[in-house]
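Step one of this worksheet: look at the structure below.
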Amino acid sequence: MRVVLLGPPGAGKGTQALKIAKEFDIPHISTGDIFRQNLRDNTELGKLAKEYMDKGLLVPDEVTNRIVEDRLEKEDCKKGFLLDGYPRNIPQAEELDKFLEERGHSLTAVINIQVEREALIDRITGRRVCPVCGATYHIKTSPPKVDNVCDKCGSELIQRSDDKLESVVKRLEVYEKETKPLIDYYTKKGILVNIDGNKSIDEVFEDIKKALLGDRRDDIH
């Protein structure tokens, strides 16, 4: 099973990715994680990526493709994988198709988790984290016992700069601009499945499972 997972910030993509990987016994490949791994291990590809990052430049598709493909060549990906954070544009999507085709494979499905914009903003801006022990809270859905104080260590909670309204709106705009062409691309290929991400975590996961196990309607509500 070879799956790409799409979804805006705040859609619960990370949570669903872990559940999918466990359920179908396939590796969850997050591009952020493999980039960090290559940088940590000081690999040739890591060094190449770092040259661009140190200059404040975007890592070119060619380097990103190689980093992802290097990971997909590993033994644990032989029976499938779940890609999260890649592809991000049409050239990357075309390269992934070519890479898989050369090995006699193709994508099983592209899962697109959809959540209403206001709900996304609410989910993200409500997050609070403990800068000391790393515990996470949400002011509406999982607040601390004492307002703005960590239950575990008593430290004052903070809102990360990424979770502030202005930053969230910008991140969503970037995501929408980046992802719309991809959604069109995979829709034309007949492998995109839209999942209603406004439901509970378990309900969303059940819908994803249905899609991956053969209930391949364009949208699952």
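Cβ atoms here come from the backbone N, Cα and C positions, even for glycine.
Swiss-Prot annotations:
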- Gly10, Ala11, Gly12, Lys13, Gly14, Thr15, Arg127, Thr136, Tyr137, Lys199: ATP binding site (BINDING)
- 30-59: region 'NMP' (REGION)
- Thr31, Arg36, Leu57, Leu58, Val59, Gly85, Tyr86, Pro87, Arg88, Gln92, Arg160, Arg171: AMP binding site (BINDING)
- 126-163: region 'LID' (REGION)
- Cys130, Cys133, Cys150, Cys153: Zn(2+) binding site (BINDING)
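Here the features listed in Swiss-Prot are placed on the structure.
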residue	record	CB count, 10 Å
Gly10	ATP binding site	23
Gly12	ATP binding site	19
Gly14	ATP binding site	13
Thr31	AMP binding site	18
Tyr86	AMP binding site	23
Arg88	AMP binding site	16
Arg127	ATP binding site	20
Cys133	Zn(2+) binding site	12
Cys150	Zn(2+) binding site	22
Arg160	AMP binding site	13
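Spacing of Leu57 (AMP binding site) relative to Gly14 (ATP binding site) is 26 Å (Cα to Cα, whole number).
Ranking the binding-site residues Leu57, Val59, Cys130, Cys153 by how many other Cβ atoms lie within 10 angstroms of each Cβ puts Leu57 at the bottom.
In sequence order, Arg127, Arg128, Val129, Cys130, Pro143, Pro144, Cys150, Leu157 constitute the residues six or more apart from Tyr137 (ATP binding site) in its chain with CB-CB distances below 8 Å.
In terms of DSSP helix, strand and coil, the region 'NMP' (30-59) has 21 helix, 1 strand, 8 coil. Taking Cβ pairs closer than 8 Å, the region 'NMP' (30-59) reaches residues 14, 17, 66-68, 70-71, 83-86 in its own chain, all 6 or more past its ends. Per-class residue totals from DSSP over the region 'LID' (126-163), listed helix then strand then coil: 3 helix, 11 strand, 24 coil. Here Tyr86 (AMP binding site) is compared against the binding-site residues Gly10, Gly14, Cys133, and the shortest C-alpha distance is to Gly14. Among the binding-site residues Arg88, Cys153, Arg160, the residue whose Cα lies closest in space to that of Gly10 (ATP binding site) is Arg160. Annotated pair Val59 (AMP binding site) and Gly14 (ATP binding site), C-alpha to C-alpha distance, rounded: 23 Å.
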